[in-house]
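Enquirer: Pasting in a structure now, in structure tokens, and then I'll have a few things to ask.
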Amino acid sequence: MHTWKMWAICTALAAHLPEEQALRQACLSCDATQSCNCSFMGLDFIPPGLTGKITVLNLAHNRIKVIRTHDLQKAVNLRTLLLQSNQISSIDEDSFGSQGKLELLDLSNNSLAHLSPVWFGPLFSLQHLRIQGNSYSDLGESSPFSSLRNLSSLHLGNPQFSIIRQGNFEGIVFLNTLRIDGDNLSQYEPGSLKSIRKINHMIISIRRIDVFSAVIRDLLHSAIWLDVRKLAFSVPEKIQLLRIMSSSFAKKISLKQCLFTDATVPEIVSILEGMPKLMEVEMKDCTLLGTGKWYKQIHANQSQSLRILTIENLSIEEFYLFTDLQSVLDLLSLFRKVTVENTKVFLVPCKLSQHLLSLEYLDLSANLLGDQSLEHSACQGAWPSLQTLNLSQNSLSDLKMTGKSLFHLRNLNLLDISENNFGEIPDMCEWPENLKYLNLSSTQIPKLTTCIPSTLEVLDVSANNLQDFGLQLPFLKELYLTKNHLKTLPEATDIPNLVAMSISRNKLNSFSKEEFESFKQMELLDASANNFICSCEFLSFIHHEAGIAQVLVGWPESYICDSPLTVRGAQVGSVQLSLMECHRSLLVSLICTLVFLFILILVVVGYKYHAVWYMRMTWAWLQAKRKPKRAPTKDICYDAFVSYSENDSNWVENIMVQQLEQACPPFRLCLHKRDFVPGKWIVDNIIDSIEKSHKTLFVLSEHFVQSEWCKYELDFSHFRLFDENNDVAILILLEPIQSQAIPKRFCKLRKIMNTKTYLEWPPDEEQQQMFWENLKAALKS
């Protein structure tokens, strides 16, 4: 029994391993989180080997045509399945039978000609379904979504989609987003969407007003945000079909890629004005055929809730003929937030501005406003409640005039005038007294002056040509200096309350501990994307400053060393310089000290062990060796060179010289007093005299061993002993001395005294005759 169990286990493992291997061969991009990216691989089928481990499977942008029953059978833990942009035309009925945990299914942009409720039956956990871009013309006779109780977002439709039937959405009670691409939708059965009680965001792309009217009738109380696309509001008579919208509970209406005319605008405004809960209207990428001559006066409904108007990229071909909008002045008084962006606005009529009594936010960015037109638009009494004004990407060029035009806006605290062309700015300007935020980025300002108001709490001067920052702004909390040419941090004393600063993409090389800590309130500093010089001081500060990682934005990946070359490209936080690079002066001082101590020790040791003597002797010996070899015997001039102390000269000159030079035969003696060549270096005289003498007589006494020149003569005689290997020295003890009195370095002479007989001058006259006989015999040997 045990054997059969083992065989079964081994067989299962053997089957499982080839499956996983097959998956890896077909799809090589499975990561540690069990997410497999098999997109753009030219697959014709779902790869085999899918296991229960996989949670995300991306098969988008392949050539898959069919999904079969067994393809996904083992992928029981799939949460996300992406099959968009394939060629899928057929799905077996139970293909998704094992995907009870699936939350997102994308079948968009395939070739499905029909939808089957059986496909989605097992997907009771599904939250997001995308089936747009296929070729089905309807959703079937019943609801394909009836079992999808947890569905949150649904995207359907395609160019062939033409009919929505009653019951197609049965089973769906709530949707966060429903998007229907119905450009060619021609038939809508009333009540089809009525089963959905609430849709937070309803997006419908549709071209027929009558069909749209039928759809809206079913969404009156369920759609919170109604997003309409590609609808042409061009025929006034057809606009009447939309009167039903006045009963809608929608809070926001978006009109995108729609068409309007002067004749239909008043009708549409009238409908929107009647919607009891409408708070926001948004128009994007629309076209207006007209010049604003709306002959029908629009009166404000004091009970209306509309507060926000957004117009972006509105195309008005004859914008230069546009009127002053007299017909809608009454409607504007309740608006709190208005955005008119990229719509070629070159002037806001003064009267219109004065009617915007409740306006708190105004965005006129990416338009054609100039200095003069702004002065007219912001006339006295205009925008009395305005707090935020965005005039970026216009044609402003005079900063002083801009400030003066807005000076009367007492409530204005945020002003964005970025991406204008101010250039040089004056020293003095007038500004609204409560201005707290000013955006002057990308305005080609080369230098900041006191024109900048001192009341600011936030200042953005990014992307200019600034070399430094020297303004005193005592209330400033946020400063943005990105993309300038600053080389150092600003002075903290000028901006003592700064909390956040961005100085990225400048010419900042480093900053010190003192500079960093001088900003007492600093919580965020973005100094990324600078060319840092990773000096020892900078690195030491970075590595040891507590909490700097929490302050620096983008740390550590955005802080890169530019120099030295050895660490270029490395992250500042990971660089460690050597001791030599960081403490060069200290190291040089230490080396010099050690060298000095070494020399001092050498001097002391040399003095103690007579190193100087050895050096002098070596030099003298080398000098002597460089001379021609010793003169032959016929060049010997003296029988002996006499080395003696000046204190013993009386005995040498009056006694020894008399005895030896007057002997028969006489001896020739060399005395330094008598025979040294005048003007010649003493050392050379000593060497020459010793070399020209057959013997060297040393008259030893206490005075002798204390004489410097006698020591020289002993030295050279000592070298001669070693060089010629003969006994040329004759020692005469004029008075008894201890052998220890002779310097220890003369080991050869000490050995002679210890091993050979030396002559000692006897005080007894009877013995002196014997002394002279022995001396003469030694000289002749």
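Yeah, the Cβs are placed from backbone N, Cα and C, and that goes for glycine too.
Note that the coordinates shown come from a computational prediction; the quantities given were computed from them, not determined experimentally.
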Enquirer: In Swiss-Prot, Cys30 is paired in a disulfide bond with which of Cys27, Cys36?
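Expert: Recorded disulfide partner of Cys30 in Swiss-Prot: Cys36.
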Enquirer: Could you let me know which of Asn439, Asn647 shows up in Swiss-Prot as N-linked glycosylation site?
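Expert: Record lookup in Swiss-Prot returns N-linked glycosylation site for Asn439.
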Enquirer: Where else in the chain does the repeat 'LRR 5' (150-171) make close Cβ contacts, counting only residues six or more beyond its ends and a cut-off under 8 Å?
Expert: 108, 124-144, 177-193, 195-196, 205
